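Taking it in order: structure first as C-alpha cells, then the write-up.
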Amino acid sequence: QMMKFAWDNYKQYALGKNELRPLTKNGHIGNMFGGLRGATVVDALDTLYIMELEEEFQEAKKWVEKSLDLNVNGEASLFEVNIRYIGGLLAAYYLTGEEVFKSKALELGEKLLPAFNTPTGIPRGSLLSPCSGMSWSWGWASAGSSILAEFGTLHLEFLHLSELSGNPVFAEKASTSQLVLNRVEKPQGLYPNFLSPVTGSWVQHHVSIGGLGDSFYEYLIKSWLMSDKKDSEAKKMYDDALQAIEKHLVKKSAGGLTYIAEWRGGILDHKMGHLACFSGGMIALGAEHAGEERKQHYMDLAAEITNTCHESYARSDTKLGPEAFRFDAGTEAMATRLSERYYILRPEVVESYMYMWRLTHEPKYRQWGWEVVKALEKHCRVEAGFSGIRDVYTTTPSHDNMQQSFFLAETLKYLYLLFCEDDVLSLEDWVFNTEAHPLPVNHTNFQA
C-alpha cells in the first residue's frame with residue numbers, strides 16, 4: 001500500500017522527472033544523472049514487479065519503452081547512473097525477460113565507458129554524456145581523486161553487462177579497479193576513500209565504512225557470491241578488509257554499543273553514518289561463508305552493529321534514525337550536530353534487519369522493521385507521497401519535500417522482503433546491488 005501510494009503520486013505529479021516533490025506536488029530533476037530522466041521509474045520497476053503491482057509495473061515499463069531517452073547531455077555521476085539505472089534495468093530484465101530492459105541497459109553501459117579512459121583504468125567519478133569521451137573527478141573530491149565507493153561499486157552490474165552482451169570490455173573495466181586496489185599498499189590493511197586515477201595511489205588517509213567507502217566492501221563479498229563463490233580474490237580482499245576494520249575501527253561504547261568509527265590518518269572519529277548501517281547485513285551475509293570457528297563471531301558482530309543502528313532509531317522522538325550519530329562526550333547513538341539530525345528515507349537500517357531476519361529468523365528484526373513502517377507512516381507520509389524530515393528529534397518534523405527514488409527501490413523493498421517468505425528473491429539465487437536491485441547468482445561460471 002505504501003509503495004502504491006508513493007508510485008501513484010509520483011506518476012500523477014512527476015512522471016518522467018527524477019523524483020517527486022510531494023509537498024509542492026511537482027517533479028525534481030537534479031544534477032546527478034546528467035540529462036537522464038525518470039530515475040524513480042527505473043528504480044521502482046523491480047519493486048513494483050515483486051510486489052505484484054501489475055498495472056503499475058506496466059505503466060513504468062511503458063514509460064521506459066517510450067520515454068527513457070539515453071541520448072542526453074549533462075554531467076552525470078558514473079556511480080549513481082550505474083547503481084540506479086543500469087542496476088534497475090538489469091534487475092527488471094532478469095525478473096521479466098523483457099528485451100527492452102536489456103537493450104536499454106547495454107546501450108547505457110556503452111555510454112559509461114569513456115569514464116575509464118585514465119592512466120590507471122580507475123574511472124573518474126563524473127562523465128559528460130553522451131560518449132563525448134570527457135570525464136573528470138568531482139570538484140569536491142580531494143586533488144582530482146576518484147572515490148572508493150564509486151569506482152568500487154561497478155563489478156556486479158558490469159559483469160552482467162558483459163554476460164548479456166558477449167562483450168568482455170565491461171567485465172575487464174570493472175576488474176581493473178580490483179587489480180589496482182589489490183596491489184596498492186594499504187595503511188594498516190585499510191582502504192582510504194580517495195585514490196588518484198592518474199597515479200593509482202591514495203590521496204588522503206580517510207577511511208569510512210559509511211559514505212565514500214561503504215559499497216566497495218559490500219561489492220567484494222557480493223562479487224564472490226554472484227560468481228557462485230569462484231571469485232576467490234574478491235573474497236580474500238573482503239576477509240582481509242573486514243579483519244583490518246575489526247582491528248582498527250570497531251569499538252564498544254561505555255554503554256555497551258558496538259559501532260564502527262571513522263579513521264582520519266590514524267585518528268579515530270567516533271561517529272557512524274546512517275550509510276554505514278548496511279554493514280550489519282553485509283557482515284551477516286559474509287559470516288554465512290566464514291570458517292566454522294569465525295562464523296558465530298561474525299554473526300555476533302553483525303547482530304551488535306544492527307542493534308546499535310536500531311538504537312539510533314529507538315533514541316529519537318520520531319523512531320527514525322539520524323544521518324549520523326556519535327559516541328563522544330557522553331552521547332551514544334545520537335546526532336549531536338544540527339546538520340546530522342535529518343532522515344531522508346534511507347534504507348540501510350532496514351536492509352540490515354532484512355538480512356538478519358533471513359539469516360537468524362529472530363522475531364525482533366521483524367518487530368524493529370514494523371516500528372520503522374509505523375514511523376514512516378506517521379512522520380514521513382504527506383498528502384502526496386513520502387518526504388524526508390529535517391530533524392528526527394522532534395515529533396512535529398519539518399519535511400524536506402523530497403521522495404527519493406531509493407525509497408521505492410530500497411527502503412520499501414527491504415521492508416517488504418522482511419515480511420515475505422524467504423524464497424521471494426532467495427539469498428541463494430540473487431545478490432542485491434547497492435540500490436537493492438536483484439541480480440542473479442551466476443551458476444554458469446562466466447568469468448571475466
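Glycine is no exception: its Cβ is also placed from the backbone N, Cα and C atoms.
Quick caveat, the model's predicted, so the values are computed rather than measured.
In TrEMBL this protein carries:
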ACT_SITE  E80  active site, proton donor
ACT_SITE  D214  active site
DISULFID  C277-C309  disulfide bond
ACT_SITE  E323  active site, proton donor
ACT_SITE  E348  active site
BINDING   T434  Ca(2+) binding site
| Roughly how many Å separate the Cα of D214 (active site) from that of C309 (disulfide bond), to the nearest whole number? | 15
| note | Cβ contacts within 10 Å for E323 (active site, proton donor), all chains included, total 21
| Roughly how many Å separate the Cα of E348 (active site) from that of C277 (disulfide bond), to the nearest whole number? | 5
| note | E80 (active site, proton donor) and T434 (Ca(2+) binding site), compared by Cα position, are separated in whole Å by 10
| field | Rounded distance in angstrom between the Cα atoms of E323 (active site, proton donor) and C277 (disulfide bond) | value | 10
| query | How many Å lie between the Cα of C277 (disulfide bond) and the Cα of the residue listed as 'Ca(2+) binding site'? | reply | 13
| Least Cβ-crowded entry, counting other Cβ within 10 Å, from the active-site residues listed as E80, D214 | E80
| field | Under 8 Å by Cβ from the residue listed as 'Ca(2+) binding site', same chain, sequence gap 6 or more | value | I83, G87, T153, D214, S215, E218, Y219, F278
| Which residues of the same chain, at least 6 positions away in sequence, have a Cβ lying under 8 Å from the Cβ of C309 (disulfide bond)? | M272, H274, C277, G280, G321, E348, V349, S352
| note | Students should find that the Cβ of C277 (disulfide bond) has, within 10 Å, a number of other Cβ atoms equal to 31
| query | By a simple count, how many Cβ atoms lie within 10 Å of the Cβ of E348 (active site), its own Cβ left out? | reply | 24
